[in-house]
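Shown next, in structure tokens, is the structure this report addresses.
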Amino acid sequence: MNLLWLQGLTCSGNTQSFLCAENPSADEVLGMFEVLFCPFSSWEVDMEEVILKLLRRREELNVLILEGAVGGSDHRVCKRSFAEVVRELSRRADYVIALGNCAVFGNIPAKYDQEVKGLQYRFKQMGGVLGRDFRSRSGLPVINLSGCPAHPSWLSYVLLQILSQRKIELDELGRPKELYAYLTHHGCIRNEYFEWKVEAEELGKKEGCLFYYFGCKGPMTHSSCNRILWNGLSSKTRVGMPCVGCTEYDFPREGMLETRHLMGIPDELPLGVSKRGYILISGIAKTFAPERLKKRLMDEDSKETAQQD
Ligand code: SF4
Ligand code: SF4
């Protein structure tokens, strides 16, 4: 199977992320394909030549990966508009993968330019560069791996599924359900704090939930960040940084590290939770929260005493 990896308007964050892939590594995964061009491994290959060859129908294309958003008429490659080239290559590909939030939803480049789009979306609006009805030759719409950046294992998972010809179930935004049916909240080690309404009062600490003061989007963001850990070790919420919802269409938002409230109730509640339910349950939980959750996990005073001894 051959594979072509193109970059649109991007900071290369998804490339950087994929280079950190482990078990299997980026090399191992790409080694299973005939790579026609990839920005970080095709040093001696002329990308424009490869594209022109494909456009002249001299080669079939199995997997097209696009990292980055697609710009307007001044975004060009091979002396043609980049959007046109992407459209044509996508029609020829068996599978089209949008890698990262820019390729999926437009993300930051689209915020500042109306012409910029993702492959099959522009933020929430379906259509994008390829149109709402686009299907690749396999019959699938664009396989959307949103995230800023997407986790390296998410791309490995999809490529290995394609290679072994296994079915990839997609959600309503074209994201593989196996990876995006979960919420960041699932597997977060702060869940006990969330349940008992014990809130973190500072960023970067081990204790407390980041929902009420720091805008954590974990309970409304589809990602497996706390199930498939980053570098096999950790995640944002595990180290005391709120989830900023980078896998969703409305990323990036204003005021990402704060929770807006109306009369003490957060404007946005966890998916599926009603205002009434939230008020009722949070009131009870707060009253009966176990004392041990209100303390530091490691007692700083006793640590200092031990050091003095
Ligand atoms: S920190 Fe965020 S993800 Fe973790 S429990 Fe709290 S709300 Fe959920
Ligand atoms: S924790 Fe949230 S913001 Fe961080 S990478 Fe995962 S989905 Fe994106």
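Cβ coordinates are placed from backbone N, Cα and C, and glycine is handled just like the others.
In the record from TrEMBL, residues C11, C148 bind [4Fe-4S] cluster 1; the candidate from C102, C188, C209 listed for the same site is C102. Going by what TrEMBL states, the [3Fe-4S] cluster site holds C243, C246, and the candidate of C78, C225 recorded there is C225. DSSP classifies C246 ([3Fe-4S] cluster binding site) as coil under the three-state reduction. Take the CB of C243 ([3Fe-4S] cluster binding site) and look out to 10 A: across all protein chains shown you find 27 other CB atoms.
C11 ([4Fe-4S] cluster 1 binding site) has C246 as its nearest neighbour among the binding-site residues H185, C188, C225, C246, going by CA to CA distance. With a cut-off of under 6 Å between the Cβ and any atom of ligand 1, the binding-site residues H185, C188, C216, C246 reduce to H185, C188, C216. The C-beta environment of C148 ([4Fe-4S] cluster 1 binding site), restricted to residues of the same chain at least 6 apart in sequence and closer than 8 Å, consists of G13, G100, N101, C102, N107, C246, T247, F251, P252.
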